[in-house]
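**Student:** Take a look at the following structure, please.
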Amino acid sequence: MSEVDLPTLAKTGRSAAESKSQFALKEVNLALKECGYGFFHVRLMLAVFVGLVTGVIMGSTSSYILSEAECDFDLDLVDKGVLNAMPYLGMLTSSIVAGFLTDAFGRKTFAVLGCGGTFVFTFLSGLSQSFVMITIAKFSEGVFFAAAYSSMLTLTSEFYHDGVRDRIMLITSAAIPLGQVIVALMSWGILIQDWKVSFFDGTFVLHTWNYYFLILSLWALLGTIQYILLPESPMFYISQKKYDKAREVLIKVYKENTGKPAETFKYKDLWKEKHLLMQRQSISPASQLSNAFHNIRPMFRMPLLGYLTLFCVLNFISMTLYTVLRMWFPQLSAMFEHYSSESSDICVIIDSYSKDLKLKTLPERDEVCIPARSGAESYINSLILGSICCIPPIISGVLVNKVGKRNLYIVCGFITMLVTIAMRWTNSKVAMVALFSSDVAISTLMASLTQTMVLQHFPTTTRSLAVAIVMTMGRTGCVSGNILFPILLDMGCAVPFFSLAAIVGVTTGLAFLISSKNE
């Protein structure tokens with residue numbers, strides 16, 4: 001996958017240290033092969049699965065409670081867009097910094113802190129009594145989960161040897177659509193209940209949606225416990241020159257997987273030789289900082305700067321489309337359930353809902369506000385959407401090597417543009433579910449292809465930072481899209497659909513600029 005750039009190493013004067021580091025990492029790969037697969041890897045995969053489901057809960061649950069809480073907080077469409085955007089705004093503020101700190105202080109540390117912080121603020125979301133409180137809590141969830149996300153994926157990948165690592169990470173990515181199915185099922189089971197408990201003469205009230213957040217916060221708590229019980233990555237210890245600790249972790253993995261004593265481990269004496277430890281002297285923090293700045297300089301020069309800009313635009317647009325449609329799907333599904341008729345298209349339904357919502361939020365209204373609660377049909381639609389989103393990882397694995405990432409992205413772009421335009425004339429529940437599910441699934445694949453192309457076009461020394469910057473731009477799209485979508489709806493029902501189709505057309509055209517020499 002990656003190649004060692006020897007001229008660059010020689011030019012920076014770090015060839016000896018780099019070769020030792022590369023040799024140590026090769027030794028880790030050999031030791032991981034000897035460890036095999038067993039109960040340790042089951043615990044590892046369960047931990048990352050729970051962690052990724054926690055991320056789906058963090059990003060998706062707001063959309064499920066919009067109908068439930070609209071009367072409690074007098075929410076209009078813009079308020080709902082802001083609430084949907086808060087977790088992504090939180091992730092936006094911390095993701096790049098968290099990426100750097102993870103390399104400095106360890107993967108496990110930030111996986112535990114990230115999941116723990118997500119639990120605390122998801123729990124506080126369940127105790128919210130005002131729109132301001134729940135908005136701050138959802139923002140804070142995003143801040144902490146961004147710290148956990150990169151740590152979880154890095155920790156998982158570094159406990160597998162390079163022969164199976166890519167395959168394992170592809171399997172891991174399927175946890176996200178599975179998480180969407182789980183969240184839809186739990187939402188269906190909880191939000192259809194009619195729970196309401198008052199404390200202190202009605203000053204503090206817990207509604208059904210409050211209990212919903214309190215129950216779902218247990219996923220983050222479970223993830224925190226699982227990561228506390230896992231060891232730190234041996235590759236991180238190698239990067240910090242802590243060879244004894246790396247060896248201890250590998251021995252623990254071997255014993256847990258095989259059930260054999262440490263004496264039978266082929267690499268039990270790895271890095272014990274005194275002369276090797278003398279050679280592997282740790283470099284000063286000042287030198288590490290200097291090397292880090294030297295490594296990122298080429299990324300801000302052509303041609304890498306051009307690719308960085310291009311991939312930022314592609315990820316911004318693809319994640320905007322994916323997030324807007326996924327986050328607003330439960331709300332639109334509830335609209336169809338309550339306002340649709342045989343001759344009504346989506347714009348008639350949205351306009352009818354908007355008029356009723358404006359009447360509900362008038363301060364001088366006499367009627368009691370009754371929320372348009374989602375019924376079984378809306379949750380079934382969300383289950384269908386989540387299930388269909390499991391298909392893109394399979395498609396990408398089968399087709400990507402045959403047609404190439406760029407060509408597959410372009411084809412997906414054309415299909416998505418046509419499907420998004422067709423949404424404007426959706427006039428049945430079946431058509432709405434089919435079009436939205438297809439659009440979300442294909443835009444998910446486009447985002448995945450963009451991130452894969454980043455790994456392909458950037459060298460090892462700048463790859464992590466490039467991914468962090470591209471993902472930050474993608475999350476910027478998530479925030480802006482969720483805020484702009486209801487504003488565009490107020491301008492006219494057709495405006496957001498045609499606007500999304502137009503920007504997808506732009507990104508499809510820009511994809512032709514991507515070099516296909518490495519496909």
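Each Cβ is built from the backbone N, Cα and C atoms, and glycine gets one as well.
Automatic, uncurated: that is what TrEMBL annotation is.
Sequence annotations record features per position, and here TrEMBL assigns domain 'Major facilitator superfamily (MFS) profile' to 43-519. Taken from TrEMBL, the feature transmembrane segment applies to 44-65, 85-105, 112-137, 143-161, 168-191, 211-230, 304-325, 379-400, 407-425, 431-453, 465-488, 494-514.
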**Student:** Under 8 Å, at least three CB pairs between the transmembrane segment (85-105) and the transmembrane segment (431-453) (pairs 6 or more apart)?
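**Tutor:** Output no: the transmembrane segment (85-105) is apart from the transmembrane segment (431-453).
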**Student:** Determine which residues of the chain contact the transmembrane segment (494-514) at the Cβ level, with the cut-off under 8 Å and only residues 6 or more beyond its ends counted.
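**Tutor:** Residues packing against the transmembrane segment (494-514) from afar: 307, 310, 313-314, 317-318, 320-321, 324, 347, 406, 409-410, 413-414, 416-417, 420-421, 423-424, 453, 484-485, 488.
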**Student:** Is the transmembrane segment (379-400) in contact with the transmembrane segment (112-137), using three or more Cβ pairs under 8 angstroms as the rule and ignoring pairs under 6 apart in sequence?
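**Tutor:** No, since the transmembrane segment (112-137) and the transmembrane segment (379-400) share fewer than 3 Cβ pairs closer than 8 Å, they do not count as touching.
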**Student:** Give the nonlocal contacts of the transmembrane segment (465-488) in its own chain as ranges (CB under 8 Å, at least six residues past its ends).
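**Tutor:** Sequence-distant neighbours of the transmembrane segment (465-488): 76-78, 80-82, 84-85, 88-89, 91-92, 95-96, 99, 150, 296, 299, 304, 308, 311-313, 315-321, 323-324, 327-328, 447, 450-451, 454-455, 458, 495-496, 499.
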**Student:** Please identify the stretch among 211-230, 379-400, 407-425 with the greatest number of Cβ pairs below 8 Å relative to the transmembrane segment (304-325).
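**Tutor:** Comparing 211-230, 379-400, 407-425 against the transmembrane segment (304-325), the winner is 407-425.
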